[in-house]
Amino acid sequence: MSKCVNGLRSRLTAIIGAQWGDEGKGKLVDILAEKYDYCARFNGGANAGHTIVVGGVKYAFHLLPCGILYQTCMNVIGNGVVVNIPTLFEELAQLDKNRVDYTGRLVISNRAHLVVDGLLEADAKSESDSRKKFLGTTKRGIGPTYSAKALRQGLRVGDLLHWDTFLLKYHSLNAKLREQEGIQIDTQKEINTLKDYRDILINRNMIVDTISLIANARKDGRRILAEGANATMLDIDYGTYPYVTSSSTNVGGVCTGLGVPPSAIETVIGIVKAYTTRVGEGPFPTELTNETGKYLQKTGHEFGATTGRPRRCGWLDIPILRYSIQINGHSSINLTKLDILTGLEEIKIGVNYLLNGKVIDYIPAQLEELAQVEVEYITVKGWKQDISDCKTFSELPVEAQNYIKKIEELLGIPVSWIGNGPQREKIILKD
């Protein structure tokens, strides 16, 4: 690990969500990407939603790396990502509309797997099946695509380079979906669509071996920013299973999703919202179902960038942040949306979980136990002053400073960045 905790000087920095997603990862990625040579997505698919506001224009990226907005940054969709090609081109159309030139600055791993219509249908069918537990997926085909990958039945982006072979694999996958799931789709329509997009991808040389590309970039001393999607508590292994996503959302996913060794990762910044939110089902120990929760939801505009679903809101949860630090080895924290807490008389912080009346130092793996935990809180004073124009830590109200210092004390790592508004420039670099 590098001594650089804020990512400004590191050669490879990973941006990891430390809660249940929607922490505001895209904003810091956007800020840092300007200083990096490469910006690389390593996991997930169009179930992610990174919203960025630049020059008054709002961009909602689901597949594109946020570095696409910078002319000096090469953007990589890594092998750990599952790619819906039509969705990708919808995002590229957004760039075309706003005259963002990305020529020669976007490549896709030939090992990344494809989300196709049959897998989208499988996702929708699974979620609507009343016999199964409702998991609250985004219905973007993510789970079925990773399932097909694990079953060695999936389609890869590189398969598009060999069209006749691709068609054989495509029809084989759809035959299995018909037989096993009863799924019928218009295969010829999708084939025609994919053929058109394939020609564009090939003409633009966008399908490449990204593992070799990144290895050579590292050898040449280029700086790489690894952009995570989702978050630690949604990780397929470490999250609140089964209310999780289907990929490795932690720092290990950087290695498996980009093909880089653990020793290459110098800085790991954990993105932490100043309170806690989660979308969909699953346990949420610090959840607020009262007026304060509604206030946070309304003031924070807590609605999913991908689905538009309202987010459940609660107090900051220190136990899950300690857990994220254990797994990811965060160098520092980017505390986002601090401005949303403005106006609250008091702010609570969940500092410990109690199970059967005893403090525990772990996150229960069984949901039955996690649902039973009680939360021990401490209370700190809130602040009334508008903090959106603060540019340094010392300009923040003393109560806001104390809130941040308490978080640092409880976690044992520094807060290096502080978000105090939705705009790109509304962020404080804390010394």
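Even glycines carry a Cβ here, placed using N, Cα and C.
Feature annotations, courtesy of Swiss-Prot:
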- ASP22: active site, proton acceptor (ACT_SITE)
- HIS50: active site, proton donor (ACT_SITE)
- 21-27, 49-51, ARG311, 337-339, 419-421: GTP binding site (BINDING)
- ASP22, GLU23, GLY24, LYS25, ASN47, ALA48, GLY49, HIS50, THR138, ARG152, ASN230, THR245, ARG309: IMP binding site (BINDING)
- ASP22, GLY49: Mg(2+) binding site (BINDING)
- ALA305, THR306, THR307, GLY308, ARG309, PRO310, ARG311: substrate binding site (BINDING)
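Of all the binding-site residues listed here (GLY21, GLY24, ARG311, ASN420), GLY21 has the Cα closest to the Cα of ASN47 (IMP binding site).
Cβ neighbours within 10 Å of GLY308 (substrate binding site), excluding its own Cβ and spanning all shown chains: 9.
The binding-site residues in question are GLY21, GLY24, GLY49, PRO310, and the one with the fewest Cβ neighbours inside 10 Å is PRO310. In terms of Cα distance, the recorded positions that sit within 10 Å of GLY24 (GTP binding site) are HIS50, chosen from HIS50, GLY308, ARG311. Within 10 Å (C-alpha to C-alpha) of HIS50 (active site, proton donor) lie the following recorded positions from ASP22, LYS27, THR307, ARG311: ASP22, LYS27. Per Cα geometry, ASP22 is the residue among the recorded positions ASP22, ASN230, THR307, PRO310 nearest to ASN420 (GTP binding site). Distance noted between the C-alpha atoms of GLY21 (GTP binding site) and ARG311 (substrate binding site) is 10 Å. Looking at THR51 (GTP binding site) and ARG309 (IMP binding site), their Cα atoms lie 15 Å from each other. Comparing Cα positions, ASN230 (IMP binding site) lies closest to ASP22 out of the recorded positions ASP22, LYS27, PRO310, ARG311, LEU338.
Look at THR51 (GTP binding site): DSSP puts it in a strand. Among the recorded positions ASP22, LYS27, LEU338, not one has a Cα within 10 Å of the Cα of THR307 (substrate binding site).
When the Cα of ARG309 (IMP binding site) is compared against those of the recorded positions ASP22, LYS27, LEU338, the shortest separation belongs to ASP22. Shown are the binding-site residues ASN230, ASN420; of these, the residue with the fewest other Cβ atoms within 10 Å is ASN420.
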